[in-house]
Amino acid sequence: MTVYADYIAPLFDKFTPLPDGELKAQIERLAQSIDFPLKKLFVVEGSKRSSHSNAYFYGFHKNKRIVLFDTLIEDFHKKEEEKSDESEVQSSGDSAKKEHKKVGCNNDEILAVLAHELGHWKLNHILKNLVIAQTNLFLCFMVFALLYQNQVLYDAFGFHKTRPVFIGIFIIFQYIFSPYNEILSFLMTCLGRRFEFAADAFAKHLNRTADLRSALIKLNKDNLGFPLYDWLYSSWYHSHPPLLERIRALGKID
């Protein structure tokens, strides 16, 4: 994770330190209030590839960094353009103003989004997912080792005298791991939904309910998300609950 974030991701996206200001100070205070070991704050230029808005953190132990998508920050590029084009605007007084589609969130909404993301850290969701992934990997290797040379498995598919390597791999992955992975995927989706609701509840505990609700609505609109899904379809496919489910779970505004 650290290798990707520090050396690979910068090859594809431009990462710049978040400028000093009110937003940076507020994020640092939020991190300090929950003992999050924040070291650096970055803005990634994701707008060149899509309008998707997001925020995330990465790093191990006491070396955590927070990354904000430029599309998450309201009027981020408009402010940058105003600074860089100030002289041109003054010299050409009757030039037409550029129209900007208003996207992103205000400072309070960004803090609510970060409160949700930091809730995943505070509640050890990343660690739990890592333990589950490693346990699953161990179980898969163990099952493969037990079945790979099992003659009963080959007999069931008509290979009574030989045990071809390719056939053994195909049988195990196609007929044993395939249904297992479907069940595991559903269970991980259920767990992911539980984690998302718990992170929302953590943000609510920090008195960010109203701002998180507003941010979710804006991000759903900016990311072209569809707010309404059948509950059964959503339960099977959506590790992140749809907008209306999350708003309903947040309950009353503080």
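The backbone N, Cα and C atoms fix where each Cβ goes, and this holds for glycine too.
Please treat TrEMBL annotations as automatic predictions, because they have not gone through curation.
Keep in mind the model is a prediction, meaning the values are calculated, not measured.
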Recorded Zn(2+) site member, picked from E28, E45, E182, E196, that accompanies H116, H120 in TrEMBL: E196
Alpha-carbon spacing, D200 (active site, proton donor) to H116 (Zn(2+) binding site), which is rounded to whole Å: 5
H116, H120, E196 excluded, remaining Cβ within 8 Å of their centroid (Zn(2+)): E117, G119, H125, F195, A198, A199, D200, F202, A203
Pairwise CA distance, E117 (active site) versus E196 (Zn(2+) binding site), rounded so that it is a whole Å: 9
Count of other CB atoms lying within 10 Å of the CB belonging to E117 (active site): 18
